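S.K.: The substrate binding site annotation in Swiss-Prot covers 8-15, 21-22, Arg60, 87-90, Lys98, 114-115, 180-181. Summarising the annotation, Swiss-Prot assigns active site, tele-phosphohistidine intermediate to His9. According to Swiss-Prot, the active site, proton donor/acceptor annotation covers Glu87. What Swiss-Prot lists as site 'Transition state stabilizer' is His179, and the listing cites sequence analysis.
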Amino acid sequence: MTKLALIRHGQSAWNLENRFTGWWDADLTAQGEAEARHSGKLLAEVDADFRAGFTSVQTRAIRTMWLALTEMKRVWLPIEKDWHLNERHYGGLTGLNKAETAAKHGEDQVHVWRRSYDIPPPPLEVGSTFDLSTDPRYRGIDIPNTESLKTTLDRVLPYWQQKIAPGLIAGTDTMIAAHGNSLRALVKHLFNVPDETITGLEIPTGNPLLIELDPNLKPVSVRYLDAERAHSLPDLP
C-alpha cells in the first residue's frame, strides 16, 4: 500500500494570538518548530519510503516540512511548493482576533464565516495591510480576496489530481505539509466526507495523519501518529 502523510504546520505566531491567518505569512513559534521536529521523528519510525513532498508557498508550511525532513534525515527529498496548497483565504477577517471578532459581530455570524462549507467571509479590501497583490510569490496569480472551504477545495483538487495523485498511483510514498483547511479539503475528497460534516473535522498542528491508499487511491487505513494529540478520524469510505 502507498502511504500519504498529511502534516498541518506547527503552531504559528497567529495561532498563538488567536488571529485569523489565512494567506498572511505568519511564521512558526518555538512550539511550532518543536511540533514540526516531533512530526519528523514520528515519520522516521513509520515503515515507509517517502520520496516526494509538497507544501504551500507559506513559510509556516515550508519550515514545517524542512524541520520534519531534518529529523528524518531526508533533507534531500524533492519538495514542490505551490500556492494551490495555501490556507483558505479569510478575506476581511485576516489579522483579526477571533474572540474580538465574535464579540463585535456575534458568535453565530463568525461561526458561519468560519465553519460553513460554502459561505465565505467578507472580502479583503484592496490596499489593505494584508493585501498580497505585490508579493513576488504570487506574481501572475489572480489572488482571491476571500474563500469558503468549498472554493478552497476547488483550487486544491485540480492540483491534487494533476501533481500529487499520479505519484501515489505509481507507488510513491508522499508527504504534504500544508494547512488546516487545505488539508481538510483533501480529507473531504479522499474520504467522501459530506459537506455538512467536513467543517467540523479538526486537524491538529504538528501531528502527522498517515493514510494508506490502495492502487485506486482509496484509503484502507488512517491514523494520527501521535495518539495522545489525536483528534477524531474520518470514516473509511
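Including glycine, each Cβ sits where the backbone N, Cα and C put it.
Quick caveat, the model's predicted, so the values are computed rather than measured.
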S.K.: Please compare the recorded positions Arg8, His9, Arg88, Lys98, His179 by how many other CB atoms fall within 10 Å of each one's CB, and tell me which has the fewest.
M.R.: Lys98
S.K.: Please compare the binding-site residues Gly22, Gly180 by how many other CB atoms fall within 10 Å of each one's CB, and tell me which has the fewest.
M.R.: Gly180
S.K.: What subset of the binding-site residues Gly22, Arg88, Lys98, Gly180 lies within 10 angstroms of His9 (active site, tele-phosphohistidine intermediate), using C-alpha positions?
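M.R.: Of everything listed, what lies within 10 Å of His9 (active site, tele-phosphohistidine intermediate) (Cα to Cα) is Gly180.
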S.K.: In terms of Cα spacing, which of the binding-site residues Gln11, Trp14, Gly22, Lys98 are within 10 angstroms of the residue listed as 'active site, proton donor/acceptor'?
M.R.: Gly22
S.K.: If you count CB neighbours within 10 Å, which one among the recorded positions Gln11, Trp14, Glu87 has the smallest count?
M.R.: Trp14
S.K.: For Trp14 (substrate binding site) and His179 (site 'Transition state stabilizer'), what Cα-Cα distance in Å is obtained after rounding to a whole number?
M.R.: 13
S.K.: Determine, using Cα-Cα distances only, which of these binding-site residues is closest to His179 (site 'Transition state stabilizer'): Arg8, Gly22, Arg88, Lys98.
M.R.: Arg8
